[in-house]
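Under the heading N-linked glycosylation site, Swiss-Prot lists Asn73, Asn163, Asn209, citing sequence analysis as support. The topological domain 'Cytoplasmic' annotation in Swiss-Prot covers 1-11 and is backed by sequence analysis. For 30-359, the entry in Swiss-Prot reads topological domain 'Lumenal', with the evidence type sequence analysis. What Swiss-Prot lists as transmembrane segment is 12-29.
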Amino acid sequence: MRQSRRASSRVNRLVVIFIIVASGFLLLYKNTQQFTQIDRECIQDEWQENNNLGNTIDDGSNFRIAFTDIQQNYTWLHLPNFLENSEILMIVSSNCDNFARRNILRKTWMNPENSQIIGDGRMKALFLVGINGADEKLNAVVLEEAKVFGDMIVIDLEDNYLNLSYKTISLLLYSISKTKSPNLIGKIDEDVLFYPDQLTPLINDKTINTSTFSIYGEKYEAGVAVNHGEDNAKWQISKNSFKCSVYPSYLSGPTYFLTRKAAKRIVEATKHRKFISVDVEDVFITGLLAGDVGIKKNQLPFMYMIEEATNDRESYEILAWHTKKRDQQYIEAFESLKLNRCKSCRKSKNPDLEELKEK
C-alpha cells in the first residue's frame, strides 16, 4: 500500500514538473511570436519618404507640425523667459483648466525647497498648456496665470485627447528650438508623483547618458496588439492610419525622458508618418517615430506608470509614479514618500507645503 502511494506521489510530481516545463516552453513560444519579421516589415512599410513635404518647424511666434497626411499651424501664445543654465528641462503636459493641480505641483516637486536639482539650477520645470476654444474667459485666466508665474508655455492648440500627439510634438519642438542648454528633456503628466532628485545618481552613473540618441522610461516590449475596432473599445486606430496588427517597443506616456539629440531626430521624423489621432501618443512618439530614426529605448528603474504597480506602503524607491490621487492625497503622499522612498531627496521640510496641507 505504501509502495503504491509512493509511486502515485512520484507520478504526481512528474506531472507537475511536466506542466511547469510545458508552460515555460509555451510562454517562451508566445513571447517569440509576439513580434515577427512580418510585423517589423509592416511597420517599416508605413514609413513614407515625403521629400517634398516641409518639416515640423518653429517660425518664431508660430510653428508648424507636419505629418504625412495632415499639417497644422499653431501659435506660441505665451513663452516664459528661459535662462540658459539648466541641463535638464522637465515639461508638464497640463490641461488648461487644471489651475489647482498646477499650484500643487509648484508647491511639491517643482519647488526648489523640495528638489535640490531644481534649487541648484540643474533642472528647469515648466508647464505646457493649450486652450479651450469655447471659453475665452478661461483662456484669458490661463494667460494671466502664465504671466504671473512665468513657468508656462501656452499654445493655441485645443486641449483634448485627440490632440495629445500634437501637444507632445509641440513640447519637443519648444525644447529644441526655444532653449539651448538642456541636454535632457522630460515629458511628464500632471498626475504623476515625481522626485526629480532621483535623476541625479542615474545621470552621474551614466544610466542616463545624455550624449547618446536615447529615450528612457518604463519600457513595453514589441508585440502589444493594435485595437482596430474589433472590441468596440473607446480608443481605436483605423487601418488607414496604421494598418499593422502590433506595435513596436515603446515607453509609457505619463513620464519619459529624451536626450536632446533624440528629441531633435523625432521632431524631424514626423513628416514620414500619418497622424494617429487617439490616446496612443506614447506609442506613436516613443515607439514608431523613435524607432524610425534609430533611437535607443531604455528601461529606467523606479518607474511605476500603472497605478497598481506600487502603493504608499511598499519600500521600493520611487522616481515617478502615475497615480490617481486627488490634490490633497497627492500632497500627503509626496511628503510621506519623500522621507522613505527617495534616497536622493533633501530632508528639509518646506513651510509652504506644510501651510498648503493645513488648508
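Cβ from N, Cα, C; glycine included.
Between Asn163 (N-linked glycosylation site) and Asn73 (N-linked glycosylation site), the C-alpha separation comes to 13 Å. Counting only the Cα atoms, the space from Asn73 (N-linked glycosylation site) to Asn209 (N-linked glycosylation site) is about 33 angstrom. Mean pLDDT for the topological domain 'Lumenal' (30-359) in this predicted model: 93.
Remark: of the glycosylation sites Asn73, Asn209, the most isolated position is Asn73 (fewest other Cβ atoms within 10 Å of its Cβ).
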